[in-house]
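*Asks:* Below are the structure tokens for one structure; questions will follow.
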Amino acid sequence: MIRSRLPVYLSWVVALSAALYLRLWQLPQQLLADDEWHAVNKLLSAEGYRDIFTSFGLADHCIPLTLLYAWLANQGWLTEWSMRFPLLIAGIALVITLPLLVRRWLQGSEYWLFTVLLAVSPLLIYFSRTARPYALSTLLAAIALFAFYRWWVERKWSWGVLYGVLAPLTVWLQLVTIPLVLAPFLFFGIHALISWRQNGHAKDVLQLFMLGLPVLAGLLLLVGPPIFNDIQSLTAKSGVDFMSLATVGAVIKLYAGTSWAWLAAVWMLLMLVGGVVLYRRQPLLMMYLSFCAGIAIVFVALSGGAWLHHPLVPARYLLPVLPWALLCVALGAVACVQWLPGKVQYGVIFLLPLLLFLAGPVPGQYKGINQFTGHMGYQFDYDWRANVYNQKWQHLPASPFFEQLAKQPPASKTLIMAPWLLEWHYNPWYLQQRVHQQHVVPGFLDGVCGGGFFGEYPAAENRVNFAHVMHIKGAPASKLNADYLVYTLWDSGDGRFTVFDKCLGELNLLFGAPVYRDEQIEVFDLRRESVDES
């Protein structure tokens, strides 16, 4: 019996191992950048927990995560790893939890395929590795929607309590999820009102009211204070940008995990077929999920949120919809191979996610040393050449210095790179690392040639203990624990680099003349001082 089940056990080991490996790959070495700094900037400038709790902030820090990070910082425990850990756990939990919740409606191969599609989804992998709330809000929203459905169908208040707890927490994590997590009240409310009118029974309406009151109380408690105190931060980012058809197409490709339009079209077709399969098995469930997803999509599309034309923005706002789309893809794929003989059918089902994965962006990202898997050069568009972030730097040839470093063993050298700009669109280091394959550490220039640079914190700030940053000022070269300091010379075109104009001269005073110089960089050999000192 055990031997006959061995292939099944092995297939599950493969699925869960893939989920772990893809989310953990070089994660401790990843640089914290761009939106991940919203919470850091907020907690460093906040006047205590109350300030964080009652403010959305101009840059949309996630309030509960920022509160957690502030607490960690006050204990001296704030690191890149501690910031990402809750999202990593949430991303892994989604792969395990959601298939378990819906397995009563799935056949064995459908159950396995759904799990694997969650495991290898590039977008779900990316957000599981990012210190932003989306992996956690996706997990909580998925469970909340499922709990509401089970509560309505079975009328077990344990499911209602679960929904009542998770719904406000989900909205607190990501405010834009409010239409999605409250849509069940509208969907079943219509059913309840029709029943009341036709049969005169108000029981369903009363039960919805009983569940809605604590949910409303939770929302008022958690998101009421920042809305009352900081509504201007929301209104300032509404009605600003809108999605185009090109944006919609790009979002679909991100969800499908491919840069190829034809493969995204096949993915969509499988999703539609799977939707029909689910409707035939559980019509109420399919209508429910479609209604909730539709409400969320319409709300996001009409919100006019800032940067909504940026495909990754609506993709992350609607990320809780993706797992349910992948459920339909799994059902559709299995339905399309039902005509094949048993062993062939299982072989095709096993190969499908593998081929989809190999045709996606992750194999290209997970090569050699890569501390920049979250860079928009990898995530904005899976078509490397069409990605506007890569196009911006296509004129930039590889420096001969980096080509020389490439001859050294990978990760045998450490480069302090400066100046550090946290915004990805100012940062081509990911392209340079593809060439030199050495370890990179951002160098903070605070105290070298000024202070208060955006994206830096003072060396005296002992609440933050990031492993992958280096304060240059105040440490001799022998204490910087690096081989070279590489200073970038290019012009951003918008004046962003002008605040660092005086820095190069100061670095010359600190470390002597550079050992290498071209149009892009100047390089200081940090080992030279160590030799001189000895």
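Cβ coordinates are placed from backbone N, Cα and C, and glycine is handled just like the others.
Straight out of TrEMBL:
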TRANSMEM  7-25  transmembrane segment
TRANSMEM  52-73  transmembrane segment
DOMAIN    79-201  domain 'Glycosyltransferase RgtA/B/C/D-like'
TRANSMEM  85-105  transmembrane segment
TRANSMEM  111-127  transmembrane segment
TRANSMEM  134-152  transmembrane segment
TRANSMEM  172-196  transmembrane segment
TRANSMEM  208-228  transmembrane segment
TRANSMEM  260-279  transmembrane segment
TRANSMEM  286-309  transmembrane segment
TRANSMEM  321-340  transmembrane segment
TRANSMEM  347-366  transmembrane segment
*Asks:* Six or more residues beyond either end and a Cβ under 8 Å away: which residues meet both conditions relative to the transmembrane segment (260-279)?
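*Replies:* Distal contacts: 105, 249, 252-253, 285-287, 290, 325, 327-333, 335-336, 356, 359.
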*Asks:* So which residues does the transmembrane segment (321-340) touch in its own chain, when a touch means Cβ under 8 Å and the partner is 6 or more beyond its ends?
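*Replies:* Same-chain contacts beyond the flanks: 94, 98, 102, 106-107, 109-110, 113-114, 117-118, 121, 123-124, 138, 142, 180, 255, 267, 269-278, 289, 293, 296-297, 348-349, 352.
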*Asks:* I need to check the long-range neighbours of the transmembrane segment (286-309): which residues 6 or more away from its ends have a CB within less than 8 Å of a CB in the stretch?
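*Replies:* Contacts of the transmembrane segment (286-309) (Cβ under 8 Å, skipping residues fewer than 6 from its ends): 145, 149, 176-177, 179-180, 183-184, 186-188, 237-244, 247, 275, 278-279, 317-318, 320-321, 324-325.
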*Asks:* Tally the residues of the domain 'Glycosyltransferase RgtA/B/C/D-like' (79-201) by DSSP class, grouping H, G and I as helix, E and B as strand, and everything else as coil.
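*Replies:* In the domain 'Glycosyltransferase RgtA/B/C/D-like' (79-201), the DSSP-based counts are 109 helix, 0 strand, 14 coil.
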